[in-house]
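Report on one structure; see the data block that follows.
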């Protein structure tokens, strides 16, 4: 059986197997979950953990939710097309093959604002 050797590493990793060590408890040392090697608590005295918590802006969240809500009401992908009823510049569309295969598709446009529907034979 091969001898187990230790190596120098960051105090947050096990010096025997290299696994990430668990968070330091209130008493005793730290034991590696993988190889059960116990590390003296004094090794952890100089460990310093810094972190930042960045909160998202509430206005960005509300805007994103409104956009998702508007997109969920649409019938398909969005396209820049002016609605003949309300003048809105954005419409969703869906294309279907309603006529024979040698003829073009029928494109159905739906206004994202007033839900007015238009068709176009291509």
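Using the three backbone atoms N, Cα and C, a Cβ is placed for every residue, glycine included.
Keep in mind that TrEMBL annotations are predicted by a computer and have not been checked by a curator.
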I'm validating the feature mapping. Which of 14-35, 36-57 is tagged zinc finger in TrEMBL?
14-35
With DSSP as the yardstick, break the domain 'TFIIS-type' (79-119) down into helix, strand and coil residue counts.
0 helix, 18 strand, 23 coil
Fewest other CB within 10 angstroms, which one of the binding-site residues 32, 83, 114?
114
Residue 111 (Zn(2+) 2 binding site) and residue 14 (Zn(2+) 1 binding site), Cα-Cα, nearest whole angstrom
61
Pairwise Cα distance for residue 17 (Zn(2+) 1 binding site)/residue 114 (Zn(2+) 2 binding site) [Å, integer]
64
